[in-house]
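One structure below.
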Amino acid sequence: MNINNYTIKSQEALQQAVELTRRHGQQAIEPQHLLKAVMDQGESLTDFLFAKMGLNKGSIATAVDKLIEKLPHVSGGEPYLSHETNQVLQAAEDAAHRMKDKYVSLEHIVLAILTTRCEASTLLKDAGATEQLLQSAIEELRKGRNVTSQSAEEQYNALEKYAVNLCQRARDGKLDPVIGRDDEIRRVLQILSRRTKNNPILIGEPGVGKTAIAEGLAYRIVRGDVPENLRNKQIFSLDMGALIAGAKYKGEFEERLKAVVNEVTGAEGEIILFIDEIHTLVGAGKSEGAMDAANILKPALARGELRAIGATTLDEYRKYFEKDKALERRFQMVMVDEPDELSSISILRGLKEKYENHHKVRIKDDAIIAAVKLSHRYITERFLPDKAIDLMDEAAARLRMEVDSLPEELDEISRRIKQLEIEREAIKRENDEEKVQFLDREIAELKEKEASEKAQWQNEKDRINQIQQLKIDIEELKFQADRAEREGDYGRVAEIRYGLIKQKETEIDTIQQQLHELQRGGSMIKEEVEADDIADIVSRWTGIPVSRMLQSERDKLLHLEDELHKRVIGQDEAIRAVADAVRRSRAGLQDPKRPIGSFIFLGTTGVGKTELARALAELLFDDESMLTRIDMSEYQEKFSATRLIGAPPGYVGYDEGGQLTEAIRRKPYSVVLFDEIEKAHPDVFNVLLQVLDDGRLTDNKGHVVNFKNTLIIMTSNLGSDIIRERMQNLTAENRRSLTARTADEVMQLLKHTIRPEFLNRIDETIVFTPLTEKEIYEIVRLQLDGIVRQLADNDVVLHYTEAVVTFAAREGYDPQFGARPVKRVLQRFVLNELSKALLADTVDSTRPVLIDCIDGSIVFRNE
């Protein structure tokens, strides 16, 4: 016996037989050990052979285990081949020689076990196996091919192992219905009907429905809705994962693929191969001196012997196919474009029933429309209908979780009962009978209410589940009716459609009526997916608030100016302009093709330009970190403009992406602050033109980043000299006229500095006026209140007098520098001195501390 004359699977079976013998504490390797090992190693092979002979593999496996258990147990010694096993292996080699095979494979061993006198042979014969049946099963398995390689078993029934029959899945009702795409399917049918180069390749963005077209074609073939030359054809979808998985040895992957190709070509045009993600074949299996998988397919594709439908994305087609012209010309392109909103709504309506039956909830039509419209507007990096289907699916899954969970009001009652029971046990120890009786009454009332509501919840849930089960039954009946219609059993079709289905629909109406009666006093279960549910999922995915506004948010938006004035003193015009832009956005009245708003804030330093942007971020998102700040002083060189969108290919930092584009991809709903824009190189403004006009920017990798939900604020100190000069005599009375004249001069300067095409795209340019002394007083109070809150976190109570406010305002008032000197004054005279006093224990931090100003000096004392 030469082990090299055995296939890899046969060698592994022999090795497993040795291990099996050792594990059972036996010495002689008997034919039953070998049969058990062959059944484990060649699972799909023995499944096929036993099925063709009409044997039950499960019962044979059990019987073999019993035979092995009966064998004598011996301790010590190495396992050896028994006389019967040697005879079996010799018979297997003879069978291989007789069949003109180069190697002994698993089917030779099964045949040898059956024809050799041994217990394993008797077991197989008792189960109904005969040599003649096994020989015909082997012939059917091999389809006229001989064993010429050591991985021969991998090539048997290659289509069953490495592909999925889409037509069979369509017959079994396991594919989702395909709605629309008639033009693309018709074009695919035309190409498939050609004599040569009859291989369509579906090219489109991810999620537009390329695979669905192949499934739609399978449905049409099953229904007979195809030209005569394509009737009764089978579509097999190649599973690349199964093809590659377990291919340990060099050339094994190619052998598997060649076996698939041989099986398809051997069917003489009856099988169409669908290869999803076909670009993975280009380069697959390629190693030193070997050709890749695509080259194995080329000859059969060119001759028209192999009909294949490919599917890939535009990027992959460009990357792999266009480089290989020989492969490209063998496929005919079919472009699959993203469907428009109306087509996507039709697709979702067609899929609705499948998702309703899966999640056991109802999906309203307005939810479908919302899924398409909201996904199209807010989820920009993905494509319809895939993103809309995902929204509908997730909203239904979320609702199903709520249906299965205990309602919130019931959960609260249950928690309240537990809390009261704990209180009652505590009061019992104090012998307070009156309180115990009061708690008992309250617990009894709550338990009665809980039982009543729980019963209603359970009844509603049962009715909803009954309705959904009946709908699943109706779907199964429709599938049976379609199958009966294909088979020509029209009596059965009539019985199902006009008898059984009508009966189920009547049952649904009855249960629906019962459910309405139960819910008359109020429903405990929400069973319908609505537009608000879809909007909520969009908000969770993107962070963009598209759900219906609560009353509290409406009030906040209506009084946005007041909220902003709590942090930004003065600058009424700027606050009004920004608040109007935010209100337009949340009311859904903004231009959907542009950002929420774009503003240039001009003014001297320290007047609140950057602070307004920070306040806005905190107010809108409850978090200042939602402010994306780009300091334009870092973009003074010509080449630095690329940092916004990312370095071009070949340059350092290409993989990192752009500072602006990456920030907005992660936080699409945010405030973008370009600080001190006059310091940036003019080329930077060219990058921002399409952001302001179209609300989009393409990064260095070709990804389109959506700016339509951002608020863009640019600040500049341009014209600050003019503002300081004109505003020296600023008073509350002449403020309006002086501001208007100054703004005109600053705008003229701005027009000379920044290009007109950039300025023309800005919504509003606002000049911030220098702060008056009265406003400085308010800022001091604001800063002192901040210090009070900061110390309160450290358990120190702080109060201040009006004299401190007056002192800090006078010391910190400088029209040239705005509010920043105030911060420095408070730091020097208040924070520094207070920290010394607290550390030196000259004031007691456990008692309230008062800050006062006496004779021009800040003093601290305990109240």
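Note that Cβ sites are derived from N, Cα and C of the backbone, with glycine treated the same way.
Swiss-Prot has this to say about the protein:
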- 3-144: domain 'Clp R' (DOMAIN)
- 81-144: region 'Repeat 2' (REGION)
- 339-543: region 'Linker' (REGION)
- 389-520: coiled coil (COILED)
- 553-770: region 'NBD2' (REGION)
- GLY603, THR604, THR605, GLY606, VAL607, GLY608, LYS609, THR610: ATP 2 binding site (BINDING)
- 771-863: region 'C-terminal' (REGION)
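Apart from the site residues GLY603, THR604, THR605, GLY606, VAL607, GLY608, LYS609, THR610, the chain places the Cβ of PHE601, GLU611, THR715, ASN717, PHE768, GLY818, ALA819 no farther than 8 Å from the centroid of the site's Cβ atoms, the recorded ATP 2 location. Here the binding-site residues are GLY603, GLY606, GLY608, and the one whose Cβ sees the fewest other Cβ atoms within 10 Å is GLY606. Across the binding-site residues listed here (THR605, VAL607), the residue whose Cβ sits among the most other Cβ atoms within 10 Å is VAL607. For the binding-site residues THR604, THR610, the greatest number of Cβ atoms within 10 Å around a candidate Cβ is found at THR604.
LYS609 (ATP 2 binding site) is surrounded by 28 other CB atoms, counting those within 10 A of its CB over all protein chains shown. LYS609 (ATP 2 binding site) falls within a helical segment according to DSSP.
DSSP assignment over the region 'C-terminal' (771-863) gives 51 helix, 17 strand, 25 coil.
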